[in-house]
Amino acid sequence: MVNETEALPCEGGCGLYGTRVNNNLCSLCYKKSVLQHSPALRFEPETEQSQCCPPTNSPAVEEEPVKKRRCGICKRKVGMLGFKCRCGHMFCGSHRYPEEHSCPFDYKQSGRLALATQLPLIRADKLQRF
């Protein structure tokens with residue numbers, strides 16, 4: 001007598017092995033046969049939601065292509081080692097310094113603004129003379 005777990009050729013003809021538990025079908029053919037015979041297991045979207053809320057014809061959102069990360073001066077691929085400058089561009093290791101790529105960002109002014117916001121202005125009261 002044949003065990004229930006003994007592998008037999010699939011009756012679906014797919015070339016795989018089936019079991020008696022699955023009516024001599026492999027797992028793939030068994031899943032297909034179960035879905036064909038019982039419509040309750042099939043996934044169908046609910047019609048109530050689609051009737052109450054009409055579908056809107058919104059324009060398809062196009063995914064923007066991934067920008068390749070290249071140096072702003074020599075156009076060499078920088079990958080993960082790219083350096084983003086305060087001027088907003090990406091640079092390689094040799095062009096990352098502001099002097100190398102003629103950076104238009106004003107570092108002195110940004111430093112002055114940072115100090116002005118961080119340090120309070122301290123003034124002594126005016127001295128009165130007799």
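The count begins at 1 with the first shown residue.
Here the Cβ of each residue, glycine as well, is placed from N, Cα and C on the backbone.
The zinc finger annotation in Swiss-Prot covers 4-38 (among others).
CYS29 (Zn(2+) 1 binding site) is surrounded by 19 other CB atoms, counting those within 10 A of its CB over all protein chains shown. The feature Zn(2+) 1 binding site is assigned by Swiss-Prot to CYS10, CYS14, CYS26, CYS29, with sequence analysis given as support.
The annotation zinc finger is assigned in Swiss-Prot to 65-111 (among others) on the grounds of sequence analysis.
Here the Cβ of CYS74 (Zn(2+) 2 binding site) has 12 other Cβ atoms within 10 Å, regardless of which shown protein chain they belong to. Swiss-Prot lists CYS71, CYS74, CYS92, HIS95 with the feature Zn(2+) 2 binding site, giving sequence analysis as the kind of evidence.
Under the DSSP three-state reduction, CYS87 (Zn(2+) 3 binding site) is assigned to coil, being neither helix nor strand. The Zn(2+) 3 binding site annotation in Swiss-Prot covers CYS85, CYS87, HIS101, CYS103 and rests on sequence analysis.
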Including all protein chains shown, what's the count of other C-beta atoms within 10 A of the C-beta of HIS101 (Zn(2+) 3 binding site)?
19
Candidates CYS10, CYS87, HIS101, namely the binding-site residues, that fall within 10 Å of HIS95 (Zn(2+) 2 binding site) by Cα distance:
HIS101
